[in-house]
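All remarks here apply to the structure that follows.
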Ligand SMILES: NC(=O)C1=CN([C@@H]2O[C@H](COP(=O)(O)OP(=O)(O)OC[C@H]3O[C@@H](n4cnc5c(N)ncnc54)[C@H](O)[C@@H]3O)[C@@H](O)[C@H]2O)C=CC1
Ligand SMILES: O=C(CO)COP(=O)(O)O
């Protein structure tokens, strides 16, 4: 299997570094200047400074140079995926595409599998997701991920090719569960960050995390996911990591909301758009997702954290 990575942000670069420790990898960046800078300095100074590129990592801004790769990892932000696939469909045909993004597209309500199937119906698809910070993967710290692929034969081949001594992939055929777990945990991480940022305490965060997990399960099971996937790395595992770590951008964005401070708008925060997309899906499916709705309200500046928590606390008492 010959692997290329599309998208040279933090995650694409980290995956390329990890995989290039065992085999040649081509990393594609959309900016020619950035690609040249990375090729010269053998590191990604913008997104992952001080992580030296292995010898077998090649960088290019020319997609044609990845023509020989049969497997392409897509590491562009979720809200850019549709345009990215549409613009580059010709170069992506007859490849196995492994989406590495986490989220739900705001315009269509779709995940990566549906978006790719719309543009490239005959293309093999898998999703790589789970608890992992880019820097940890780049450094070579032990990390477990979920590889979801409905075609288990393809899934097995990908699992083998994309695992390394430090990066351990677990396999599932439940693409729906893996997609929704990875998408929704970011929304709940924003809520947890907001809870801590507003000074509401760690006990409150534990409740938000746990009730957020109940929302994740409610939506995912309704959409056909398996409960075991939600309890696995791509669901519960990533939820715990993202809701409790200062490394998480979603958590830090939420914390800034709670503190009433500004947050750099250029930073990728997948949970912000996903909260709005999922709030709309839940309304259509007649599902109760109060924490997700609250995050959507915070993101849209219709609510502040005090009001959002007051709304959650004043709901009628329920069975767990
Ligand atoms: N950073 C992390 O620790 C992890 C990130 N992810 C996921 O990976 C995905 C990408 O995130 P990051 O790499 O962290 O984001 P990032 O903000 O570090 O990088 C995004 C990259 O995508 C490129 N990009 C944006 N729009 C594009 C377009 N239209 N065409 C081509 N390239 C485009 C940017 O130039 C940039 O290189 C997200 O869905 C994120 O949730 C998943 C696990 C860990
Ligand atoms: O997905 C991630 C960890 O698994 C990265 O989280 P952030 O996007 O919140 O930084």
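The backbone N, Cα and C atoms fix where each Cβ goes, glycine too.
Annotated sn-glycerol 3-phosphate-binding residues in TrEMBL are 102, 130, 132, 185, 248, 249, 250, and among 122, 174, 238 the one listed with them is 238. When the candidates 134, 138, 214, 308 are compared with the NADPH site entry in TrEMBL, which names 11, 30, 47, 102, 249, 270, the shared residue is 134. Of all the Cβ atoms in the protein chains shown, 26 others lie within 10 Å of the Cβ of residue 11 (NAD(+) binding site). Only 238, 248, 249, 250, in sequence order, out of the binding-site residues 8, 238, 248, 249, 250 have a CB under 6 Å from ligand 2. Residue 250 (sn-glycerol 3-phosphate binding site) sits 20 Å from residue 8 (NAD(+) binding site), taking the Cα positions as reference. In terms of local Cβ density within 10 Å, 250 ranks first among the binding-site residues 132, 248, 250.
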